[in-house]
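Since the structure comes first, as C-alpha cells, the remarks are kept for the end.
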Amino acid sequence: MAEIQSNGRAYESLLEKVLSMNILSSDYFKELYGLKTYHEVIDEIYNQVNHVEPWMGGNCRGPSTAYCLLYKFFTMKLTVKQMHGLLKHTDSPYIRAVGFLYLRYVADAKTLWTWYEPYIKDDEEFSPGSNGRMTTMGVYVRDLLLGLYYFDTLFPRIPVPVMRQIVSNLEKMNLPTKPSGSTGDMTRGSEDTARRPPSVKASLSVSFGQRAPHRASTRGSSPVRRPPPTGYDRNGGDEVQQRSPRRSQSRDYYSDRDSDRQREREREKDRERERGRDRYRERERDYGNDRRSRRDYDSRSRRNDYEDDRSRHDRRSRSRSRSRSRSVQIEREPTPKRDSSNKEKSAVTVNSNLAKLKDLYGDASSQKRDEGFGTRKDSSSEEVIKLGGSSWR
C-alpha cells in the first residue's frame, strides 16, 4: 500500500522541540509502546481523547493524550488507505481530528487541499480545546489550513504560492479566508488555553534557541504585575470579539518578529561558527603543508651537502693516491744520464788509481811477462807439487 506523500521531514522534527521532548519523556507515551497496530491506536483515541490541544490543562502541564497518540502515528507512517479510514471514521470526531492533524504535519503542502476539500463544509460538531467551546469539523479544517499557530504551538509553514491557491479556492466556495479562532489562533497566549508549563518552556526554549510563546502572557499572569480587569468576557461577546483579536494579533506579530530575529541570530551564530571551523581547518592544512615542505627541503639540502662533501673527499683522495704513485715510480727508475755520468766518474777514478800504482810500483806486467818464459817449466812442476801436496815430493 502506498504511503502518504510527505513533506520530506523526519518525524522527530515535525513538532516543536519542547513539545517533542516532553512527549518522548512522558510516561503515557512509553505505555504506548505496547500498541502495535493501527486499529489499537484508534481504539485508544476513542477511549482516552477528549480534546486535541497539544498540552494538557489544569495542574498536569504535560503533553496531551491526543498529541502522544499523534506522535505514535508518526512512528507508524500511515498509508493512504489508513488515512481515509481515519478521516471518515464515525465513532468519534477526535479520531478524525487526529487524522487531519497528521496530514497538516506530515503531508506535502501541495496535497493538503486535495485531502481537506471534501471536508471543508463538514458540519459535525465537537470541541477542539479543553474549554468546551464547540465548532464544526469544516471550520476546524479551514483553521488548520489558514493558521500558522495551533494552541501555543507551531504548524509547518505552507509556501506562499500554495497558500494563495488555498485562499483562492476558499473564495470560489464563498468561505472565509481568515482563521476563525477555533484552534486558539486568535487567542494565542491567553489564559483560557492549555499553555505549556512555564518552567519547561523557560528552560528548554532557551537551550534550543527558541522564544517561548507564553512570554507575553506570563508577565500579565504574575500576581505582582497583574493588570486591572478590562471586562474581558470569556464566553465571548460582540465587544470582546472586536477588541481581543486586535490585541492578540499585535501580540502575535511582535512575538513572531522576536522569534524570527532570535532564530536568525542563532543561524548567524551557527554560520559564523562553521566559518571559524573552516578557517581553522584551512590554517591547519597550510601549516601541515609548510611543515612537510620545510622538512623535505631540509632533508634535500642535507643530502646535497653530504654528497658534495663526499665527492670532494673522493677527488682529494684520488689526487693524493696519484701523487704518491708518481713519487714512488720516480724513486724506483733513475734517469740514464745519472747512470752514465756515474760510470764515467768511476772509470776516471779507477784510471787515476792505476796510474798512481804504476808510479809507485812500476809496470809489473812486463816483468811478469819476462819471467814467465824462463820459469814456465818450473812453475808447472811447482804448481803440480802445490796442488798435489807433500805426497808428490
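Our numbering is plain: 1 for the first residue shown, then up by one each step along the chain.
Cβ from N, Cα, C; glycine included.
The compositional bias 'Basic and acidic residues' feature in Swiss-Prot is assigned to 249-312, 329-346, 356-385. Under the heading compositional bias 'Basic residues', Swiss-Prot lists 313-325. Residues or ranges marked as region 'Disordered' in Swiss-Prot: 173-393. Here Swiss-Prot flags 301-308 as motif 'Nuclear localization signal', drawing on sequence analysis.
For the compositional bias 'Basic and acidic residues' (249-312), residue counts in helix, strand and coil come to 64 helix, 0 strand, 0 coil, using DSSP. Mean per-residue pLDDT, taken over the motif 'Nuclear localization signal' (301-308), amounts to 80.
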